[in-house]
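Novice: Here's a structure for you.
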Amino acid sequence: MSDVASREYELTGAETGAAEAVSFASVSDYIALLKPRVMSLVVFTALVGIVRAPADVHPVIAFTALLCIAIGAGASGALNMWWDADIDALMTRTRARPVPAGRVTPREALAFGMTLSVGSVIVLGLLVNVLAAALLAFTIFFYAVVYTMWLKRSTPQNIVIGGAAGAFPPMVGWAAASGGIGLESVLLFLIIFFWTPPHFWALALYKSGDYARAGVPMLPVVAGASETRRQILLYTLILVPLAISPFALGMAGLAYGTVSILSGSIMLALAVQVYRRREGAMADAAAKRLFAFSILYLFLLFAVLLIETVQSPTWLGL
Amino acid sequence: MPDKESEKGREPTGIVLTPEQKRRRRSRSVAIALVLGGLCLLFYIVTIVKLGPNVLNRPL
């Protein structure tokens with residue numbers, strides 16, 4: 001055995017008795033358990049919820065709320081990795097994650113996820129407000145139990161219903177700032193909720209082999225690529241007008257209206273491309289383009305809402 | 001009680017960590033310390049923010 005291989009074996013420790021007694025994880029492994037990229041989207045959308053809420057909130061309280069929401073989201077990611085380690089090991093996209101790679105034991109991931117879940121909810125409840133804490137607790141429960149443990153392996157509608165977990169953060173942020181739930185926070189929830197299926201199914205279209213190998217009943221695996229393309233188009237047809245509605249209802253300004261119409265048109269055009277190009281490299285390329293643009297699309301919508309709010313004289317106290 | 005000289009020559013028993021494992025354990029300990037310190041600071045600042053000027057208003 002080479003030095004490198006020998007060291008990796010020692011560090012993995014999965015087959016040694018020491019694995020249970022000594023942790024082999026580095027700090028970066030624990031950070032990876034928090035799914036930092038997902039967390040960054042959660043923080044961003046929650047920030048928009050805090051800023052858009054019709055209430056004055058002290059910056060320190062807003063920061064505390066954001067921190068708790070971020071930690072809560074990370075905790076649910078850790079619980080997801082604990083539960084899904086078996087299927088993560090079978091998929092190219094996920095097999096390098098800390099638990100399937102053997103750098104973190106399942107027990108460590110579970111303890112880490114539970115500690116952060118309970119801690120983030122309690123701190124949010126004590127330092128900010130109880131409604132926000134209750135919503136955060138529900139979000140963690142929904143992602144870790146309803147989506148991860150139940151829906152993911154049992155229905156092709158897994159990411160449709162499970163998408164609600166990713167859609168809650170702006171509502172939690174809104175509740176943290178205002179102590180209530182407004183119509184606009186529901187709209188923000190719905191935008192992310194209807195954005196999730198086209199986003200994930202675009203990914204699933206060109207990663208369907210991965211999901212099939214792991215036995216995850218994603219829509220392309222169960223219903224086929226053709227039906228998935230149709231569903232992507234249908235959800236995009238609902239999503240685009242929904243994303244324009246804050247402008248149409250007078251909740252957002254002209255900048256948001258312009259961006260939501262333009263970027264929505266691109267999103268729709270890409271969804272049509274995915275629907276029409278069904279075979280070969282062109283089909284994969286179309287799905288990859290839609291997946292990549294969907295991230296930019298959601299970012300643009302929320303970024304413009306944020307900029308419009310922080311630039312308004314009312315928000316600046318002028 | 002065995003003297004220190006005879007202990008030195010003996011092979012260590014139980015779990016022996018490699019230098020890399022020790023380094024990782026140390027970095028985890030530092031990270032936990034930083035998080036705990038950060039939490040203390042956060043609770044302190046939020047207390048001041050929530051109490052505001054009343055933080056000094058108490059009967060002597």
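The backbone N, Cα and C atoms fix where each Cβ goes, glycine too.
A TrEMBL annotation is a machine prediction, not a hand-curated record.
What TrEMBL shows for this protein is this:
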type	residues	note
TRANSMEM	A:61-83	transmembrane segment
TRANSMEM	A:130-151	transmembrane segment
TRANSMEM	A:158-181	transmembrane segment
TRANSMEM	A:187-206	transmembrane segment
TRANSMEM	A:232-249	transmembrane segment
TRANSMEM	A:255-275	transmembrane segment
TRANSMEM	A:287-307	transmembrane segment
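Describe each of these features in terms of where it is and what it packs against.
Specialist: For the transmembrane segment (A:61-83), the residues of the chain that approach it from at least six positions outside its boundaries are 33-36, 38-39, 42-43, 46-47, 50, 97-99, 106, 109-110, 112-117, 119-121, 123-124, 127-128, 132-133, 136, 139-140, 143-144, 147-149, 165, 169, 172-173, 176-177, judged by C-beta separation under 8 angstroms.
Note on the transmembrane segment (A:158-181): residues 38, 41-43, 45-55, 57, 61-62, 65-66, 69, 73, 76, 124, 128-129, 131-132, 135-136, 138-139, 142-143, 146-148, 151-152, 188-193, 195-197, 200-201, 216-218, 302 of its chain, located 6 or more positions outside it, place their CB under 8 angstroms from a CB of the stretch.
Long-range contacts of the transmembrane segment (A:232-249) within the same chain: residues 184, 187, 190-191, 194-195, 197-198, 201-202, 256-257, 260-261, 264-265, 267-268, 271-272, 274-275, 290, 301, 305, each at least 6 residues beyond the stretch ends and with a Cβ under 8 Å from a Cβ of the stretch.
Among residues of the same chain six or more beyond the transmembrane segment (A:255-275), those with a C-beta under 8 A of the stretch's C-beta atoms are 198, 202, 205, 229-230, 232-233, 236-237, 239-241, 243-244, 246-248, 283, 286-287, 289-290, 293-294, 296-297, 300-301, 304-305, 307-308.
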